[in-house]
Every structure is written in structure tokens, then in C-alpha cells.
Amino acid sequence: MYTKDTIVAIATPQGNGGIGIIRISGIDALEIAEKLTKKQLKPRYATFCNVYNDNEIIDHGIVIFFKAPLSYTGEDVVEIQAHGNPFILNLIIKAALNCGARMAKAGEFTERAFLNNKLDLAQAEAVADIINASSEIAAKSAAKSLQGDFSKEINNLLEKLIYLRMYVEASIDFPEEEINFLEDQKIHSSLEEIYKVILAIKNSCKQGVILAEGITLILVGKPNAGKSSLLNALAGKESAIVTSIAGTTRDIVKEHIQINGVPMHIIDTAGLRNSDDIIESEGIKRAIKKIQEADQVLFVTDDYTNSQVKFSDIKEIIPEFYDQIPKDIDITYVHNKIDLLKEVPHNHANHIYISAENNIGIDKLKEHILNKVGYTNQNESIYTARERHVTAINNAFEHIKLAKEQLELGNGELLAEELLIVQEYLNSITGEFSSDDLLGEIFSSFCIGK
């Protein structure tokens with residue numbers, strides 16, 4: 001918990017606006033605010049007043065004092081609502097610094113809220129998720145996490161797990177009771193229930209990560225196969241130049257869209273071929289690098305006569321780059337220009353037939369993309385999650401499986417050890433046991449005013 005210093009920052013986005021908010025938090029927040037306003041501020045009252053630097057008026061606005069612990073950070077907090085001109089706001093910041101405050105670090109207000117038990121770590125991360133949400137569903141899901149829905153699931157699970165651990169360890173510590181707890185049906189049923197709950201949370205977390213972080217799609221293929229046309233069709237607008245000249249796209253073209261509320265980061269790349277053009281060759285190198293970062297690759301081809309096209313075909317197109325491409329990457333083969341066919345083949349497995357230019361098959365392709373990443377559109381029950389949550393849940397799931405094995409083998413002490421490991425992984429999600437390095441990494445990704 002912070003007790004000795006007071007921080008200040010602009011809490012509203014950069015740029016001009018009707019209102020700009022300065023946030024001050026810490027032990028001297030009230031004293032500093034009263035120096036700036038020359039007013040005595042009452043808790044939870046909106047006070048209209050001038051804001052001064054010494055005796056010079058900087059601006060006027062509304063000032064609200066939130067007395068600890070009834071504030072966002074759990075400390076004394078003052079918010080100054082001034083005119084949203086960056087020069088004015090920076091003058092107020094300088095005046096606050098002159099009165100003894102210091103500039104807040106990124107995410108420091110929310111970090112203080114976490115350290116003062118105003119919210120747990122999962123809720124703190126949801127603050128960033130709700131700010132950065134790029135779709136309505138993502139925003140609603142982040143709000144669920146911020147309200148504590150995700151944390152409640154974890155805490156309810158922890159209660160069951162701790163009760164089971166107490167029972168198991170008590171039985172080990174008091175063998176004179178001559179109770180063979182390993183044959184107790186309560187142990188078996190309780191462990192099975194915990195296993196099923198972790199599995200359900202594991203699946204929900206996967207959905208939550210998709211909403212929070214989106215899906216990165218990369219379009220690759222030979223020149224003039226229709227990658228840029230497909231990008232425009234998916235985006236619903238002309239984001240990339242489309243011509244009949246091979247090699248038109250020479251650099252990475254990015255577009256951010258939504259499919260059924262799921263954020264999609266689509267990347268169009270230079271056509272894959274051997275080229276003497278220095279710029280085009282550099283574009284191809286960048287394309288190969290982006291393939292390694294993708295959640296899913298759309299391999300666009302107009303070779304609609306060959307439904308058995310494989311990613312190894314790249315070896316023939318650009319053999320010098322083939323070894324740099326992950327062989328286990330998730331690929332959908334998009335057969336373009338089916339409007340030239342008399343009879344349209346049926347979609348099968350990872351092969352989808354479309355006409356990007358005529359918008360044929362695009363909806364089926366979108367549906368296929370969502371299915372491939374495992375998104376099930378459970379709007380009402382999804383909360384946002386982070387990759388670290390998924391990692392923790394996956395680890396907890398593996399160890400709860402080991403716990404079941406130890407129970408079947410009759411190894412009581414090893415069962416207790418596995419249950420403890422599961423508890424530690426679950427605790428890391430809400431921040432019960434979190435290293436300083438982890439906290440620093442999480443809160444440094446926030447904007448300054450949060």
C-alpha cells in the first residue's frame with residue numbers, strides 16, 4: 001500500500017475536448033487540491049471554482065473530493081474537471097507538481113486500487129479491457145469481468161477446493177482416526193465436481209481471450225490470387241488497392257473489423273513469388289514474418305481445379321522462405337474466383353470456395369473462421385480473459401487431472417500436493433499470490449490516467 005506520496009495525471013484521452021479531467025490520489029490529495037482551488041472541499045460534493053497556479057487563474061471547472069476509503073484507489077482522490085485543452089490541463093498538472101504531487105506511472109491509479117483491496121487482479125485487468133474493447137460484445141464482456149463475474153467463479157471454485165484440501169490433509173495428519181478417506185465417496189464426487197468446473201472455466205476463458213485480444217488473420221497466396229479483394233470483402237470497404245497487375249501489394253496492409261462482435265485483425269500481404277524487385281521482395285519477407293504471428297492463415301488461391309492444394313506448395317513458390325514458416329499453423333485454403341466456374345464445388349474441411357469480387361461465400365468464410373478459433377457466441381455468459389488466465393487455468397486443469405490419478409492410486413500425500421498446486425494457479429488469477437514482476441508487467445500496459 002502507498003502511504004507517503006501523492007500522484008497526479010490527466011485521466012481523459014489526449015487531444016482537445018469539451019472536458020478534461022485531472023486525477024490526484026494520495027495522502028496529500030486534498031491539501032494539494034485546496035491549494036489549487038483556494039477552496040475548502042467537502043467529500044462527495046461537486047464544487048465549481050477557479051483553478052490557480054499561485055495567484056494566477058489557470059481555468060475554472062468542477063472539483064470533486066472522494067475521501068478514503070470511498071474512492072477508486074482507496075486513498076483520498078480529487079478529480080478536477082476543467083476545459084479539455086491540453087495546454088490548460090498541462091498547466092494544472094504543473095501546478096499540482098509544484099504543490100508536491102508527482103506524475104503517476106502507467107496504470108498506477110488502478111495498481112493502488114488493487115493494493116488497497118478495491119478490486120482484485122482480474123478486475124484490474126478488466127479496466128484495461130473495457131477501455132480497449134473494440135466491439136460491443138467485448139465491452140459488455142469486459143464489464144462483466146470488472147463487476148467481478150470472473151473473480152466470483154474463481155473464488156467459488158477456490159472455496160470448494162480449500163474445503164477438499166482441509167478434509168484430505170486432516171485425514172493425513174490424524175491417521176489414528178482410522179478413516180480411509182481415499183475410499184470416501186465424498187472425496188471422489190467433490191474432486192469430480194472441481195474437475196468439471198475447471199474444465200468449464202477453461203472453455204469460457206478461451207472465449208474471453210478471443211473477445212479481449214481479437215483474432216489475427218493473415219492473407220497469403222500467389223500474386224493476383226485475390227487477397228486484396230478478399231480483404232476488402234471482409235472489411236466491407238476498399239482498404240487495399242485492387243488491380244490485375246501482379247505484385248500490386250508490396251507491403252503489409254492492416255484492417256480491423258468485427259465478425260459477430262469478435263474483433264478481427266486482418267493482414268494483407270505481398271503475393272508470394274520470387275521477385276527481383278527490392279521493394280516487393282522486402283514485402284514478401286515481411287509477409288513470412290507475419291505468418292508466424294497469426295492465429296489463422298487464409299491461403300488464397302485461384303487454382304480452383306485443385307482442391308488438394310497444400311501449404312507445402314509455398315516451397316515451390318519461394319523455397320528460400322519455406323523453412324521459416326511454422327508447419328503446424330492453422331490454415332484455411334480459400335479458393336477464389338468461383339464466379340468463373342459453371343459448377344461451384346462444395347466447401348469441405350479447410351477448403352472454402354468464394355468470389356471476393358462478387359461477395360459470394362464470404363458469410364460462410366466468416367462462419368468458418370469463428371468455428372476454427374472455437375468461438376461459440378455465448379454472449380450472456382462470457383467475460384473477458386487474458387492469455388495469463390488461460391495459462392493458469394490450463395495448468396490448474398492438468399494438475400487436477402493428476403490429482404484424480406493420485407486418488408485412484410491411493411496416494412493421499414501426492415493428492416494433497418496436487419490440490420495445493422491447483423490452488424496456487426487459481427490464486428494467481430485474482431492476485432492472491434502474484435510476484436512484483438507480474439504486477440509491474442500488468443499495470444505498465446495501462447494508460448497513465450488509470
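Using N, Cα and C of the backbone, Cβ positions are placed for all residues, glycine too.
Feature annotations, reproduced from Swiss-Prot:
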BINDING   R23, E79, K118, K450  (6S)-5-formyl-5,6,7,8-tetrahydrofolate binding site
BINDING   N224, T243, I245, T248  K(+) binding site
BINDING   224-229, 243-249, 268-271  GTP binding site
BINDING   S228, T249  Mg(2+) binding site
DOMAIN    214-374  domain 'TrmE-type G'
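Between the listed binding-site residues, namely R23, K118, K227, the fewest other CB atoms within 10 angstroms of a CB are found at K118. Reduced to three states, the DSSP call for K227 (GTP binding site) is helix. The two recorded residues, K118 ((6S)-5-formyl-5,6,7,8-tetrahydrofolate binding site) and N224 (K(+) binding site), show a Cα separation of 56 Å. Note on the binding-site residues N224, S228: the fewest other CB atoms within 10 A surround the CB of N224.
Annotation for E79 ((6S)-5-formyl-5,6,7,8-tetrahydrofolate binding site): spatial neighbours A11, I21, I22, R23, I24, V63, I64, F66, criterion Cβ-Cβ under 8 Å with sequence separation of six or more.
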